[in-house]
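Trainee: The structure is given below, and queries will be raised subsequently.
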Amino acid sequence: MLTKSTHDIAASFSRRGVLAATAGLMLGLASLTGAKAADDTIKVGVLHSLSGTMAISETTLKDTILFLIDEQNKKGGVNGKKLEAVVVDPASNWPLFAEKARELITKDKVAVVFGCWTSVSRKSVLPVFKELNSILFYPVQYEGEESERNVFYTGAAPNQQAIPAVDYLMKEEKVKRWVLAGTDYVYPRTTNKILEAYLKSKGVAQEDIMINYTPFGHSDWQTIVADIKKFGSAGKKTAVVSTINGDANVPFYKELGNQGIKAKDIPVVAFSVGEEELAGIDTKPLLGHLAAWNYFQSIKSPENEKFIKAWQAYTKNPKRVTNDPMEAHVIGFDMWVKAVEKVKSTDPDKVIDALPGIEAKNLTGGTSKMLPNHHITKPVFIGEIKANGQFDVVWKTPGLVAGDAWSKELEGSKDLVGDWVGKKCGNFNTKTNKCLGSGS
Amino acid sequence: MPANLSARLCSLALSLFLIVFALPAFAGPFEDAVSKFANDDFSDTEEAIGAVASSGNPLAYPIISALQDGRLMADPDSKKVYVTSADGKSIDAATGQPVASVPDSASAVRLNNRLRRSVDAAVGGLTLMSPDLGMRLQAAQSVFKSHEETALDAVEGALAKETNRSVKATLGDARAAILLYKPDATEVQKLEAVATIKARGDQEALALLTGIGSDQPASVTKAAASAIGSIQSSLAVWSMVQNAWYGLSLGSVLLLAAIGLAITFGVMGVINMAHGEMVMIGAYTTFVVQEVIRTRYPGLFDYSLLIAVPLAFLVAGALGVVIERSIIRFLYGRPLETLLATWGLSLVLQQAVRTMFGPTNREVGNPSWMSGAFELGQITITYNRLWILCFTLAVFAILLAMLRYTALGLEMRAVTQNRRMAASMGIATSRVDALTFGLGSGIAGIAGVALSQIDNVSPNLGQSYIIDSFMVVVFGGVGNLWGTLVGAFTLGIANKFLEPVAGAVLGKIAILVLIILFIQKRPRGLFALKGRAVEA
């Protein structure tokens, strides 16, 4: 979901520089792994940026997969074979994602790939996974409106994060006026479109919705925060729904804190601020601002406590935080292992067919299930920022919410469903009973 | 059991006796209410707040204020609630008796935003008569904000006794706000209330007047509408002032980021793409300084930035000298290669920092004198922006003075104006080059200290400023420090006046287009250098 500034000259230079560097590095790595590759291991591809702007978020996910592989190997691997990670660095460069994906599948012959963060990186690798028929597990909350045969979406769809968060604000905080603030790219724009339609269906008037977009890495929030303050002084309870990109959040929250906007006056609920992002902010002035996720580090469950302990031991850092996309990888990895064990093979077609219906424990005490539309069921939590940079869960959905590939709020997609079990189609129109072309 | 029964009777008699003397100690409504805090349920907590606040019990204030600060501990097993304080002493919230220690199973009573508002209102109601002036003012403000009908008597009581003018005014506003929203207030009272609130003239007044709803007498609705109109028009003027201030503030950030580049690019003509990384290194120096202070000398935290400024200058400056000596001096006169080399260098520096400090953001705290804001008329001025503006102007003045009045400054100007002539006058030009580049880099490092206060401290910090910095220097006129100053403030103010109209994204694009057009007309920027340097 997150994308960072790549439109400047700077980034296009960085792309080339890093490309050359990593290409050289990868050549060396590939020959190394090629030499010792044997039939007694199953290779797992890790496609996360380790340099460039997205390294800030993605490096942790690479470590997560390495940790999970390590744990699985301690248990004896999968089907009697050890797992072996193949790590590549797409360097926050979207075309390079496609190249690296191709390299992983054709040259390294990986059985599965865990990777991508931004929607644009996912879109760029999609054709590769389709053409070469491989499997991608995508762990980040995203804008939905997609269901592909070769991709399994373990992050939240909008109905598993955005809609419940708005419901919470409406019911608990009695919010009547809404600021939808986001960074200017596909994830916030689509999410805000869905939210706007949803709010209007709940009787919110157009003049009570303010939509605001900012460029990537926006750092001067004075005007916008003042605008929010002004919008909030219309005598109705106001809240901000923020799809602001990770990097721009620190200056945004700092400005909120400095201008004295307290959560009790105008609460901000964020969809891309997790434990890792808060590590860079003094959270005391942010007490009470909210975030909606499917996982929080502070959730007390035996699974979670065990995971955090093992993770901190693995990274040798007793303060290392965990976050939502990490949990998505934990669930996805577990599901993939179960599917491979079920069909006793890593053949992509067999594994893809076996995955829907597979269940795996999530870290918050429930059991998530892979659905026919390749999304999973997840609980939704609303957490309040605490002074120690963690979240205190103030609300959660009563049960698990099934991920919708296609939003029910949007005119163009409300009749569509993804069903790779019965209909073998990613965008089946239930009204006309026709597959719109994303079939297998 | 008879023993038990008699004990109960006894306690009943005792509690009756105590109730008569208004000192509830045993199971009474107050104790019931307090024990609700232990249920860990938000609606129970809300009931408890209401009951405790209106109980008139002397423990009410200690309990509610402890709840506000997260010092109210509740044990879910025994349903006991304790008030703890910073000095380690604790009392039983229901009885007021001191307790030796709070059990380990007790945890702080949780709040959400709705409850925080109730707590604020309750504290406001309880401290209206406090002997402390600051507390009374705060109480009056929170009653004004919550304007709950139940607080009316307390406000009127306080109003009669209050002697301080500003507290009295706020209490008057609070009373007006309550009356305005009280359904059974008379029309006269409401009209008076509208007039009182109109006199405040701020956004909160606007919020109150807009929110009164339509079920009011016609005269009140009309008065409110005209009050809204007059407040809005005065706020519109203030918003122009506000935009100008924001523009100055943005301009100061741009200037700070660009000022080092004005030396390396403007004066020396080196296209230094690693300039942003010098800013980043300054920010990381601040981080390291703060880490050391946090672990070793926590008392010095408020001075951390003052300590970081010279250090950042030295670190970034030294690195600049090393870069000039090892790379740039071989590339003078070859701008394209300089560009590529410094760009590569910036990637190396970024990845080096990423390896050393990790890819995630690092927390750089704001010292207390840089946090918060104050109101000037109807605009909010945040301290960190104000300090950055002052700091930038100070750095600019020092730099200007240095170039003008020191020997090194003289040599620098000589070398940039005519290198060969300067060399034949006995100036060691290569030494001057290294020092000039070091100076530019050091100033970028200082900028990093200030920018760490408003932006992410991450390896990507520099990238977001490099484009803007070049834009400022080119727009202002290469080689002219005053041009950089005027350029930065012009861009800042133009941006902030465009932003409310066009939005942040379009505003930025518009600025870029305007600069391109401007450069077409005046390729040398606002203040073009004249003379021999132009041909050199």
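Note: Cβ is positioned from N, Cα and C throughout, glycine not excepted.
As listed in TrEMBL for this protein:
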type     : residues  : note
SIGNAL   : B:1-27    : signal peptide
TRANSMEM : B:244-271 : transmembrane segment
TRANSMEM : B:303-323 : transmembrane segment
TRANSMEM : B:386-407 : transmembrane segment
TRANSMEM : B:428-450 : transmembrane segment
TRANSMEM : B:470-494 : transmembrane segment
TRANSMEM : B:501-519 : transmembrane segment
Trainee: The transmembrane segment (B:428-450): which same-chain residues, six or more beyond its ends, come within Cβ distance under 8 Å?
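Mentor: For the transmembrane segment (B:428-450), the far contacts come to 253, 256-257, 259-264, 267-268, 270, 272, 275-276, 278-286, 305, 308-309, 312-321, 323-325, 328-329, 332, 388, 391-392, 395, 399, 402, 408, 411-412, 415, 419, 422, 461.
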Trainee: Answer yes if the transmembrane segment (B:470-494) and the transmembrane segment (B:303-323) have at least three CB pairs under 8 Å among residue pairs 6 or more apart in sequence, and no otherwise.
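Mentor: Per Cβ check, the transmembrane segment (B:470-494) does not touch the transmembrane segment (B:303-323).
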Trainee: Please give the sequence-distant neighbours of the transmembrane segment (B:244-271): residues at least 6 beyond its ends with Cβ less than 8 Å from one of its Cβ atoms.
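Mentor: Distant contacts of the transmembrane segment (B:244-271): 278-279, 320, 328, 332, 335, 338-339, 342, 379, 381, 385-386, 388-389, 391-393, 395-396, 399, 412, 416, 433, 436-437, 439-447, 450-451, 454, 465, 468-470, 472-473, 476, 478-481, 484-485, 487-497.
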Trainee: Quick test of the contact rule: Cβ under 8 Å, at least six residues beyond the ends. What residues does that give for the transmembrane segment (B:386-407)?
Mentor: 248-249, 252-253, 255-256, 259, 263, 369-370, 413, 439, 443, 446-447, 450, 453-454, 481, 485
Trainee: Let me spell it out: take the transmembrane segment (B:501-519), skip the flanking residues so only those 6+ beyond its ends count, and list any with a Cβ under 8 Å from a Cβ in it.
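Mentor: Distal contacts: 471, 474-475, 491, 494-495, 525.
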Trainee: Sequence-remote contacts (6 or more beyond its ends) of the transmembrane segment (B:303-323), Cβ cut-off under 8 Å?
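Mentor: Distal contacts: 264, 274, 278, 281-282, 285-286, 289-290, 293, 345, 365, 367, 370, 434-435, 437-446, 448-449, 453.
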